[in-house]
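In what follows, a structure is listed as structure tokens, so that the remarks can point back to it.
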């Protein structure tokens, strides 16, 4: 079975770069890290279809045929056929020392030398097979000049070729520069030298083909050779080395190269050029018959005349610095002026040059980092970090940044930054998987009627819970006898109107906080809102808040005036009060239905249900497609000890079946079991049907969307991306902005209260966290929620609390197993609560207790100095009369003289009444005091005060 394709392999087949394919995969919602990551076959098929739609054809067949096309260009067995032994090669080399003289006088000889090299299939084997054709006594003919350089006697070949001839049009092979290499020596290039017979030039005269057609250093015909025997002079050791290497004799020249002369790495001047003219005349005095370690055509003794191009001076090859990169020089005035103008550009912040957006709009997700911003604008993340630092913000490249900071940085670069809302972010995520939430599929004929979904809201103690209990007891089946599953947050009741059986789905939400969270996520989970108002209490603040929530969600309202049986109840007063908030009763000419009920006495409950159905029929189009994949909302979720994560969901459209792959918020899984409000197993649930679902890998949040997807892989990818985005948004929200101005205050010691929240369901944990974060305290203390979860307190929670010095808040849950023992051993404080308001009060008191105390000054007494006595042991003694209050020993005093403060915060070191020491002296008595401030006079007033701690509020 073939293995999975990797990203770079698929990119090669599609004919795109790996970077482009990685970007496309990320846009399509596929999580791949690098180009070596494997891809699932469905994703491969998806990518091929995507690129075929863009007009890109795959290149898989061409890639498979590419190795076969290279084989004819490498005829390896062709080299050994004309090869000769070194003994045979040395014999015909001797009688041709003066062959190049007539050829050297012909200057047009280099021109035809450029023709034979680019021919396809031209190799050293063909050159050797044609060796007998050009005769040695006829070197003056210009016609075979190109062949004479390559068709010399067989002795001109150093040894049989080990490498194939270069491909036509391809780059010439790299020439080795290690003279001590023991490996096979490279064969000389065809057409590498233009001297007939590869014989050395006597006296270093001008050589044919030595001048490059591309300029550079001229040959000896243009200037005299350099002193020292390097300018094309033959080596004296050339004759002795010809027998060993199979090349021609060297006549004179420079000294033998040593390892000290070798460069540590190949230079650009040693690299073979692409043009044929640059290949001609590569050899110096040694020519092709030079030392095999230097390669064919490498300059022997010198070769500076044609060995390299570029600047004058220096030697080529392995003996000096070739004409490579230019030396670093001074900047021109134009370069300096351009750099100065670039530094003065408007998009340069603190010396950091940033791109100019030109007013373009950049969309970023919540909690985006500077790396994400830099990727959007093709900039360097380090430059953004430095620019933000110059603006006074200390942020790393990968840290989540809040919306204000991103917009500030965008304004500096002339970009308009838009942070995507949670709704748009989730919609774009689903669109990347070709999914949509909130719309019915199919035509009008596919839509069917569904029951209305009703949420009951109202002020505390107005009878909302009693109304729900009354409705449930009224519609419980006779076989159940009131045995309703109280933990479920939604249920259906049946109402008979005009001999028709109608169903209504009620949501038992834990208050308006959860209702707000659901509306904020854009889930149309509620069709009608029932507003419960007590007739004897009137409109309260939470009643007004519930009205505002319902209006913001564009939900019709039915008002239930409760407790009409109590004395002092005034339903008409309630109608008048609600008129101020836009709820005008129908009897007053409005469109809001008011129903007077008594939930305790079960009065007119059926009338309320009938009003709900009439409002639904008149104001709403309650239809859905039951045949599509199910979509809904998670009303509540909790962690059960035996069943695992259990979510109470309500299906809005489609049909949810056992075995479907679902994703709810950042949780995903496969539906293993569904039960209704009576605890009965359900195989499928249609629109507006509430069920309890098992099979998720985690506990979703209250109000999270439920979606049926194609398979578990898609569900996992959607959940992981949602989880990552939630973490980034939370990190950006909780990160405290540190600027250079408040750096000193940040570095000061601050008190932080770390909390770990555990609750019985996701809704209570969410409500508790939101309420705790809204507690307003001084900046000296901070509240940090380091972890939150659903279920009992575990040992993991205790270990985390012990490591981070945190307090565990357990809401309607207890510690399980050995968690209590470990908490006692580690000294971890676990607080248990059943009422959310009690938890909020105690946490607020704990935060206030962590505040630094505030002291205020309170005056205790007042005394006047009447006389001054001198004592050698203690100094001056003030004889005083206490005018008001009390004077205490060791108390703080303030000395006044003529209404001016002379000494502040002095101390009473000694206090005596008559001759006895006294702790305090009351008003109307005389006393003697020794003060810490010695400069006292008669008539001075002494104010005695103390610092009293004031409780923080």
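For all residues, glycine too, the Cβ spot is worked out from N, Cα and C.
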If you look at how Swiss-Prot annotates this chain, which of 473-477, 478-482, 483-487 comes out as region 'G2'? 483-487
Where Swiss-Prot places region 'G3' among the ranges 496-499, 500-503, 504-507, 508-511: 508-511
458-465, 514-521, 522-529 - the one Swiss-Prot records as region 'G1': 458-465
Those residues of the chain, 6+ apart, with a Cβ under 8 Å from that of residue 461 (GTP binding site): 534, 537
List the residues of the same chain that sit at least 6 positions away from residue 564 (GTP binding site) in sequence and have their Cβ under 8 Å from its Cβ, in sequence order, or write 'none'. 535, 571, 596, 597, 598, 603
Could you tell me how many residues in the region 'G4' (562-565) are helical, how many are strand and how many are coil under DSSP? 0 helix, 1 strand, 3 coil
